[in-house]
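As recorded in TrEMBL:
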type	residues	note
TRANSMEM	20-40	transmembrane segment
TRANSMEM	89-106	transmembrane segment
TRANSMEM	121-140	transmembrane segment
TRANSMEM	161-184	transmembrane segment
TRANSMEM	204-223	transmembrane segment
TRANSMEM	252-278	transmembrane segment
TRANSMEM	284-306	transmembrane segment
TRANSMEM	318-336	transmembrane segment
TRANSMEM	348-369	transmembrane segment
TRANSMEM	381-405	transmembrane segment
TRANSMEM	417-436	transmembrane segment
Amino acid sequence: MDNEFIDISTSLKLQLGYGIGHILNDVCASLWFTYFLVYFKLVLEFSNVQSGTLMLVGQMVDALATPFIGYHSDHTDNFWSAKYGRRKLWHLFGTICVVTSFPFIFSECVGCSLTHRWAQMYYFAAFIVIFQIEWAAVQISHLSLIPELAQDDHTRTHLTAIRYAFTVFSNLLVYIATWIILHITGECDKKQVGPSDSWKFRHIVFIVMGVGTIASLLFHLSVKETQNARSRQVLIDAEESGAHNLFIRKPLLYQVAGVYMSTRLVVNLSQVLIPLYLHLTLGLAARALAAIPLALYIGSLTAAGFQRLAPRSFSRKINYFFGSTCAMAGFVWIYFGSDHNYKEYFIYLVALFIGFGGAVMLVTSLALTADLIGERTEASAFVYGLMSFSDKLSCGLAIALVQTYADGAESTYYRNALVWVCGVATITGLIFTLLLPKFQTDALVLNDGAADSNTEDATSAPIDNI
């Protein structure tokens, strides 16, 4: 089966084509995590509990949808999947629904803007549910292409780094567009965000989603999914070997999920809470809501280059330790920083630390997940779905819990929430990673009594860089 894999290391077109396939999802996720609470609390003037509840609804729907979509993505076998590719088919369906639902989330309630806030929540919740289900379809189908396009772990890490580099590009696009819109339409250096800025967020959404839609189209034109005989064979393999059940029964799955969940808590919650920390704790103007997240992702872009150039001798544990140390340094600095120089200058350095560290941690956790899957690509979407389930549910609950106690809290509330929640998650992820044993890609799922005798011939070289 080795010749079924595409030599992605020599195909620049395929690398770039794959990388841009998640830009639409990434710009939507950047807006969702960075500006959702800002928009609903400061622009639409929802309460902290109401805005937190809406975000929790979205995260829970996403969490529940991902394993379901992952399982059915692995088992899709029909005329259209045979012709187009099962992963790309799910990607296309999700893209269409994301484009038609997300703009309504960052717009005033159409025809109901004067109704009670709790009534408007049903309107926004409907679009949030549609968006989150289809966002998960794009995410899982795109991630599950990695083990199918690349065979060895170093190439998978390279492909994951390319994917994350475009994620960083997407976030940079969002923050640059936000800074430009806020800068040319008002006194962003002096004023804070308020209800009069609703149309600005709407324009930002249309601009970045336009770029994301074009990128998705180019992805579908440039990436050819391996299909036909191989696709049908892995479906047969999944049924015969019971790969999904074997993964569920392996404790290592849950340990890797712990790494991924903790990492996502660090990355996503820092993205959510930093704008509120800047606005409510430090009292910075609207410009900071774009400039400092921009610095955060410049740090992330640097990390993507670091991962690409890191020698093969660098183990997953060394990479994760280095990333978590950088992120933790940023959170400690936030806890103690408050003077004028910190607000004007050092806050950007703090953002670079957190962005760099979080990116290294995230790329490493995704590479660990690809290592966990190994040759068993028939269950890749299911495994990524389980990882995403733990991520989305934990993030949603954490954000809702933070927002529940935010009303009437002191100005330092978001500083403390950011430092303690993200700091504990960083330490937890590091502990999970350091406790990971060396494992073999196929031995994870195949060294089981239920496996057939043919598995003895499978490639099972140990992953020495764990």
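Every residue number used here counts from 1 along the chain in the order it is shown.
Backbone N, Cα and C atoms are what each Cβ position is placed from, and that goes for glycine too.
Long-range neighbours of the transmembrane segment (161-184) within the same chain, counting only residues 6 or more positions beyond its ends whose Cβ lies under 8 Å from a Cβ of the stretch, are 15-16, 18-20, 22-23, 26-27, 30-31, 34-35, 142, 146, 197, 200, 203-204, 207-208, 211-212, 286-287, 289-291, 293-294, 296-298, 300-301, 304-305, 307-308, 359, 362-363, 366. Stretch with the largest number of CB pairs closer than 8 A to the transmembrane segment (381-405), among 20-40, 252-278, 284-306: 252-278.
Below 8 A, the CB atoms of the transmembrane segment (252-278) and the transmembrane segment (417-436) form 3+ pairs separated by six or more positions in the chain.
Listed stretches 20-40, 121-140, 284-306 were compared with the transmembrane segment (204-223); the greatest number of C-beta pairs under 8 angstroms is found for 20-40.
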